[in-house]
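Undergrad: Got a structure here, written out as structure tokens. Questions coming.
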Amino acid sequence: MDFITINSSNKTEEFALKQVAKQATSSLMYRLGKTIILASVCVEREPVSEDFLPLVVQFLEKSYAAGKIPGGFVKREGRAQDFEILTSRLIDRTFRPLFPKDYRYPTQITLMVLSHDIENDLQVSALNAASVALFLAHIAPIKSVSACRIARIDDEFIINPNTSLLNQSSLDLFVSGTKESLNMIEMRSLGQKLNALEEPLMLKALELAQKSLKETCTLYEEVFTPHQNELLFKESQGIIFNERLLDLLKNQYFDEIIKGIESSALSERENVFHEIAKKISEAHSEFSLEEIEWSLEKVKKTEIRRMIIQDKIRPDKRALEEVRPILIESDLLPMAHSSILFTRGQTQSLVVGVLGTDNDAQTHESLEHKTPIKERFMFHYNFPPFCVGEASSIGAASRRELGHGNLAKRALETSIKNKEQVIRLVSEILESNGSSSMASVCAGSLALYASGVEIHDLVAGVAMGMVSEGQDYAILSDISGLEDAEGDMDFKIAGNLEGITAMQMDTKMSGIQLEILYQALLQAKEARKHILKIMHEAKEKIVINFSHLPTTEIFNVAPDKIVEIIGQGGRVIKEIVEKFEVKIDLNKPSGEVKIMGNKERVLKTKEFILNYLHSLDQELEQYTIDEVLEAQVKRIVDFGAFLSLPKGGEGLLRKQNMDRCQVVLREGDSIRCRVISFNKGKIALDLA
């Protein structure tokens with residue numbers, strides 16, 4: 001294959017254009033070291049009639065890319081893994097704001113990882129491969145985009161670190177954008193400590209990222225512009241509104257429109273605007289319902305922006321920096337290890353905490369790791385339809401739910417002191433009017449504390465928004481659902497009083513300037529201080545019920561005794577677990593026994609196991625080498641027979657000893673035998 005080589009931002013990327021998958025609108029083979037990704041873009045020639053951007057992004061990992069066969073019973077890639085879904089979202093969120101507002105051609109971007117050497121960054125590589133493929137497709141006047149990752153090791157920022165360096169970093173900052181501005185950010189702190197990053201340092205990291213993106217995007221445009229397809233879709237002038245209808249709305253229905261804007265709940269607001277549209281349609285048949293709805297949307301959006309930018313007042317009458325009222329309740333669910341109900345305005349999150357053992361950890365297979373990894377801290381976010389007043393069934397977790405859960409997990413992960421502890425937090429969104437993921441962070445942090453988990457500090461989250469008109473703009477703290485829908489930016493920021501532990505930024509514009517982002521960071525810090533003050537007050541009222549919380553008892557036995565605790569076919573350990581209602585983890589090489597459950601049951605289980613092993617030792621002590629016994633055949637196995645001994649316990653008569661004497665045994669037979677050895681707590685027998 002012929003490759004085009006581009007050197008920028010500490011990496012050498014290679015692109016083979018239009019040599020594979022040639023029936024796609026555009027395709028390329030991307031190579032970085034030993035990592036190879038096939039990127040393709042396919043576009044349907046007929047636009048859809050619905051009012052949405054029909055863009056689909058699929059990032060797919062192939063097990064063979066790392067020389068592996070898929071684990072599990074079915075040896076074929078199946079349902080998408082979380083990493084694949086999150087990476088698909090990452091790329092989708094980068095490109096979506098760059099498309100023209102009235103682009104309606106079904107478009108699919110597919111990225112297949114064909115080879116991966118573990119050291120190279122799959123997400124940066126996939127986004128860059130997708131960016132060039134989309135640029136070559138030339139389906140719309142879309143700017144060149146690129147991505148970079150910033151790490152921080154020993155107070156020094158590093159652009160595009162490899163996996164080994166990232167594992168040493170206290171910062172994981174992923175940024176994508178054009179050469180002029182940023183349009184997507186994902187950040188989390190890393191390490192054993194909280195490692196919250198202060199706002200001035202965050203700005204410095206973002207400036208470094210912007211410089212990297214500018215360099216890469218400029219090179220992409222210079223190198224790949226000659227290879228672009230013919231432009232498929234030219235941006236139109238947009239919707240042409242009927243001025244008479246707009247005047248009608250402003251003069252006769254303006255008060256009703258304001259009432260709809262000021263309605264807090266999404267369902268209530270939709271009902272108000274539906275009634276307005278229905279009323280106008282009945283009174284003025286010369287206007288179509290679609291035309292009325294478009295015009296209503298325009299008047300609504302214009303008025304919301306005017307209120308915020310000119311009057312400095314928001315639809316719910318809050319000031320720009322004002323956070324909605326907060327109410328926190330704890331210990332609502334008596335059988336869970338913790339439960340926190342966090343209500344902020346009309347957004348309500350119930351976070352439930354449960355502690356577990358190593359067996360409860362989620363195991364993942366990944367191209368990024370040679371062996372399956374254990375996820376010990378899990379955060380699951382659920383967004384049932386009733387939380388926004390919708391009547392529909394609850395199904396499997398959506399991409400959005402996975403993304404919000406992942407964001408909350410990233411925000412809280414470094415606040416946990418003991419990284420070996422297995423913890424599951426579940427956020428049930430009971431009511432939503434914006435910022436539900438950040439409500440989940442606040443409730444989740446308190447739920448960790450209420451579960452008896454040692455944390456470095458409480459972590460709070462707030463969603464920031466922005467509304468702009470020309471050069472004028474306003475930044476909003478703790479945005480509502482309406483402000484999120486009608487605004488230009490959704491900037492979620494979580495952290496403590498010292499700095500930021502996680503953030504996520506999406507925009508509906510082609511990008512956001514750094515000075516606006518920095519202002520949002522500083523404004524978010526003030527909001528965070530306010531929220532943390534309320535959270536600390538709530539924390540003081542939480543009474544941790546240690547008697548109800550599971551406790552863990554760890555002790556060691558001789559490694560060869562572990563098989564005795566397990567028993568034949570797991571019989572003994574199953575009986576212990578069922579009898580005492582505990583969880584047990586056993587480590588054969590070290591002899592470590594870990595018991596988890598109710599404190600009283602755990603102590604009784606430990607006592608039972610030690611007494612059981614002691615009784616086995618006593619049984620062995622009753623016998624001596626060369627002692628002749630009258631034993632009874634208990635059970636026949638492939639390798640011999642287990643015999644019940646007269647003074648208790650059992651011994652093994654191996655098959656070769658039986659064959660040597662040409663003896664055929666049945667269960668229940670009595671036989672004379674001789675003790676020949678003691679091996680790892682077992683009695684070996686021979687025929688006497």
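Easy rule for this one: first residue shown is 1, then count along the chain.
Here the Cβ of each residue, glycine as well, is placed from N, Cα and C on the backbone.
As the structure is a computational prediction, the values presented were derived from the model and not from experiment.
Sharing the features that Swiss-Prot gives for it:
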type	residues	note
BINDING	D484, D490	Mg(2+) binding site
DOMAIN	550-609	domain 'KH'
DOMAIN	626-688	domain 'S1 motif'
Undergrad: Restricting attention to the domain 'S1 motif' (626-688), give the mean pLDDT.
TA: 83
Undergrad: What's the most sparsely packed of the binding-site residues D484, D490, counting other C-beta atoms within 10 A?
TA: D484
Undergrad: For the domain 'S1 motif' (626-688), what does DSSP give as the number of helix, strand and coil residues?
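TA: Its residues divide into 6 helix, 36 strand, 21 coil.
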Undergrad: In three-state terms from DSSP, label D490 (Mg(2+) binding site) for me.
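TA: Assignment for D490 (Mg(2+) binding site) reads strand.
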Undergrad: Count the residues of the domain 'KH' (550-609) that DSSP assigns to helix (H, G, I), to strand (E, B) and to coil, and report the three numbers in that order.
TA: 32 helix, 17 strand, 11 coil
Undergrad: Look up D484 (Mg(2+) binding site) in the DSSP assignment and reduce it to helix, strand or coil.
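TA: Where D484 (Mg(2+) binding site) sits, the three-state DSSP reduction gives helix.
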